[in-house]
Ligand code: ACO
């Protein structure tokens, strides 16, 4: 039996770190009122990293990928699969995965993007795991990378304070030992309007609304309901109890969603990795960024049982359970 196992992680944040106070001052110049107190109380976010103009998802993703490959001790040339989760690709095509493949100097491996917004990384990880289990890949690079700052309406105070830019990456390799134990992916497309960026290009012009729009309260309610169910489903599939988990690495959208979910699942806050305060919501990059932080600071260790969860536009959600 072949399994996939996580052998390396890496992440990258653009250097420009913008605190809530800096953002509030900037917004005030445009006649928008907000405060550190409002943002921290409602979301737990203290700061976010923003990419400089012109910096793309493939550039951030490449820098995270280099670190993950170095951590894994695997050469880029030995990758036979690259999957990139992003909703802010460099171009309509080619895929961001192909652009990162070229930057890494890999030729011939399969490379493609997955678009499941904030669930994207979990979708990509589950897909890479399926490729490896089926014998269709041996060394896979999975990346979540976003420049969400490009699709924010900086005149909409209800959304522009919530997001940041960044990238995270994982390297998976085929192994006789598990590895990724189970995954669970879901979507409900009838909810596509509660969180979307509904612009498109027609005849060379952007039509529709090119900015992220969100019904925050609907997203909050749906997120906690589906993530609770998904965590229970994936644990049941793997034959483990929620109390067996060493770590939960949830999508980093909002500390109130994370805390509420932890309480519903009975997982103590000491076992929950939360980086939303420092990174804000980096969409598909949020789970691998948080995972990499906790691995590098020594919290997540070899042998730990880790639940990763994503939720976002579509509406999409998913869980991956892994033995590290
Ligand atoms: N600063 C100050 N006031 C603000 C701001 C701001 N940045 N944004 C909105 N407000 C005001 C509103 O205008 C409103 O004022 P009013 O009462 O005079 O009309 C008031 O604050 C309350 O607005 P609500 O939208 O009702 O605020 P709510 O308590 O719902 O908090 C939030 C908003 C934080 C977005 C919340 O709905 C939430 O946590 N939703 C979860 C969604 C989420 O986290 N999404 C992230 C992306 S989705 C994903 O990753 C899955």
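From the backbone N, Cα and C atoms, a Cβ is placed for every residue, glycine too.
Unlike curated entries, TrEMBL annotations are predicted automatically.
Residue ranges 247-251, 252-256, 257-261, 262-266 are listed, and TrEMBL annotates 252-256 among them as region 'ACP-binding'. Under 8 Å, Cβ to Cβ, and six or more positions away along its own chain, residue 281 (active site) finds 45, 118, 148, 162, 163, 164, 251, 252, 253, 254. A sphere of 10 angstroms centred on the C-beta of residue 118 (active site) encloses 33 other C-beta atoms. Residue 251 (active site) falls outside any helix or strand according to DSSP and counts as coil.
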